[in-house]
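*Asks:* So TrEMBL says this about it:
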- Y52: active site, proton donor (ACT_SITE)
- H116: substrate binding site (BINDING)
- 18-283: domain 'NADP-dependent oxidoreductase' (DOMAIN)
- K83: site 'Lowers pKa of active site Tyr' (SITE)
Amino acid sequence: MSIHKTVKLANGLAMPSLGLGTWQQRDADVVKRVVGQALSTGYQLIDTANGYHNEAAIGDILTEIFNKPGSAIQRKDIWIMSKLAPTQQGYEKAKQAVLDSLKKLQTDYTDLYLIHWPGASRLKPDSPKHREMRAGSWRALEELYEQGKVRSIGVSNFTTRHLDEMKEYAKIQPMVNQCEMHPLCQQPELLQYCAQNSIAFTAYASLGEGALVNGDVKLPQLDAVAARRPDLTPAQILLMWGLQKGVAVIPKASSAGRIQENFDVLAKAELSAQDVTDLDGIDNKPEKHFCWHAEHIA
């Protein structure tokens, strides 16, 4: 059986299950090359954020590709997702931030827009102001969703507590929660909560920021699966592990080889039940976060 190629959102849209992450890619020439190679390879989802400082470069290369005479790739074929920075929390700032993203991306709409972090900048972690600010941001996203400026809306790095709180102020519940997830940070409670509340889960840092595949962290269980599956690289195994849990993955890549390697998982045979069990059994208590963790944000 092959891997699922889309994840269905609560509003009925089908989001590609594998996309290109662009965090830490700020050089415009590199961004254009990488995005161009990804689309040529077959990727249909590009993940960016205001805080990545690459929306303009992504907009340039996408427009160039869409407008190329005879191009087989058009705007409707590509899922563009971006995110609101902590500095842009609050109703007015959030609304303007989305409009600014659309301008930089050179598009009339994004397919998905997220609140990147439950906290607002320059506030103490325990400040009650965080809730007020993110509630205002969500109201702005709801309005933009109703206006067709964004086709779906969601959050990123929200814990179950932050998600549960949204039921008190959200007219539209989040359709996606994008969080760190890999065998050292499996987040079973968060995954279960999202599944029970029709919130699609997108995993970032699937390779532990590279540490799980470059030798920095030794995982004998991953080595054992790799020995049984010589057709897969360790990176592909980790991506497939996430995909088989029903989540979407957005691995970063900067070389043509790695872009292709990541994309190839969609055509590979699934991991066996034993493979998945072995990876699930990796000791991940306490969970290892290589990136953000919002448990301390009020």
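Using N, Cα and C of the backbone, Cβ positions are placed for all residues, glycine too.
Bear in mind that TrEMBL entries carry predicted annotations, made automatically and left uncurated.
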*Asks:* Do you know offhand how many angstrom separate K83 (site 'Lowers pKa of active site Tyr') and Y52 (active site, proton donor) by C-alpha?
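*Replies:* With the alpha carbons as reference points, the distance is 9 Å.
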*Asks:* Give me the CA-CA distance between H116 (substrate binding site) and Y52 (active site, proton donor), in Å, as a whole number.
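*Replies:* So the Cα of Y52 (active site, proton donor) lies 11 Å away from that of H116 (substrate binding site).
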*Asks:* Over the domain 'NADP-dependent oxidoreductase' (18-283), what is the model's mean pLDDT?
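*Replies:* Residues in the domain 'NADP-dependent oxidoreductase' (18-283) carry a mean pLDDT of 97 in this prediction.
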*Asks:* Would you mind listing, in sequence order, the residues at least six apart from Y52 (active site, proton donor) in the same chain with a Cβ closer than 8 Å to its Cβ?
*Replies:* T22, W23, Q24, Q25, R26
*Asks:* Using all protein chains in view, find how many other C-beta atoms are within 10 Å of the C-beta of K83 (site 'Lowers pKa of active site Tyr').
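*Replies:* The Cβ of K83 (site 'Lowers pKa of active site Tyr') has 25 Cβ neighbours within 10 Å.
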*Asks:* Ten-angstrom check, please: count other Cβ atoms within 10 Å of the Cβ of H116 (substrate binding site), all chains counted.
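*Replies:* H116 (substrate binding site) is surrounded by 24 other Cβ atoms within 10 Å.
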